[in-house]
Amino acid sequence: MILELDCGNSFIKWRIITKSCSTLVSGGVVDSDTALLECLGNLSGAAFSDCRLVSVRSAEETAKLVCALADTFSISPVCAAPAPELAGVINGYDDFARLGLDRWLAFVGAYHLVKGACLVIDLGTAITSDFVEASGKHLGGFICPGMPLMRNQLRTHTRRIRYDDAEAEKALVRLVPGRATAEAVERGCSLMLRGFAMTQIEIAREYWGDDFAIFVTGGDAVLVADVLPGARIVPDLVFVGLALACPLR
């Protein structure tokens with residue numbers, strides 16, 4: 001079996017799949033290397049012999065995790081690396097190595113699934129969007145703060161904005177004007193996400209009319225799903241691209 005890791009800025013997403021047909025065996029999300037090692041160590045009946053990962057962390061942090069995995073599980077993790085082209089997709093950045101690896105793999109994965117023009121929106125700590133032509137040419141994209149960053153900035157820099165996660169979750173049940181601070185902040189940030197997503201659709205239509213696919217991924221994908229009719233919600237889109245970047249025999 002294969003262990004796959006998506007090491008983001010805030011969390012590590014992991015899953016174990018079969019080597020023969022990529023069937024999902026187990027998976028989860030943790031907030032630290034220690035939690036990952038503990039979680040994997042407690043699994044029963046899910047032994048893995050191979051590992052591939054993508055990381056947007058520093059080289060030092062990534063190397064530390066790779067060493068820990070090698071020491072603990074006697075595996076040799078294969079790490080995704082920047083590339084000017086992959087699986088028919090041409091990296092659109094002027095300096096291809098500066099494009100975030102998780103972002104790169106997400107839209108490579110999306111293009112692989114449809115072999116046509118696509119818009120990919122990833123809603124995580126940050127929000128990213130990317131546009132890929134039917135030819136595989138990446139036209140570029142946008143980056144803006146995600147829900148966690150917007151929320152935390154307001155909590156950090158505005159003294160009277162204080163509320164807990166339970167209040168935040170309750171506030172998002174509806175999107176009418178808020179009558180409490182948590183409602184006003186959470187709903188306002190949610191509307192900004194939705195507005196961003198709808199603007200991406202408008203831009204994509206300027207390029208391709210209605211002849212394109214929409215992919216949405218990331219932890220907050222559910223917050224925009226209803227304003228993106230026909231969008232494909234693919235939580236593991238980065239892993240689709242990771243398999244293309246790091247094929248294991």
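Quick reminder: no glycine exception, Cβ is built from N, Cα and C everywhere.
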Residue among Thr34, Thr72, Thr125, Thr128 sharing the ATP site, where Swiss-Prot lists Asp6, Cys7, Gly8, Asn9, Ser10, Phe11, Ile12, Lys13 as binders: Thr125
Additional residues around ATP, ordered along the sequence, whose Cβ is within 8 Å of the centroid of Asp6, Cys7, Gly8, Asn9, Ser10, Phe11, Ile12, Lys13, Thr125: Val29, Val56, Asp102, Gly124
Chain-internal residues near Gly100 (substrate binding site), provided their CB is under 8 angstroms and they sit 6+ positions away: Val56, Thr128
Cα distance (Å, whole number) from Arg103 (substrate binding site) to Asp122 (K(+) binding site): 8
Tertiary neighbours of Thr125 (ATP binding site) (same chain, Cβ under 8 Å, six or more apart): Gly8, Asn9, Ser10, Gly146, Pro148, Leu149
Number of other Cβ atoms within 10 Å of the Cβ of Leu101 (substrate binding site) across all protein chains: 23
For the binding-site residues Ser10, Thr181, the one whose C-beta sees the most other C-beta atoms within 10 angstroms: Thr181
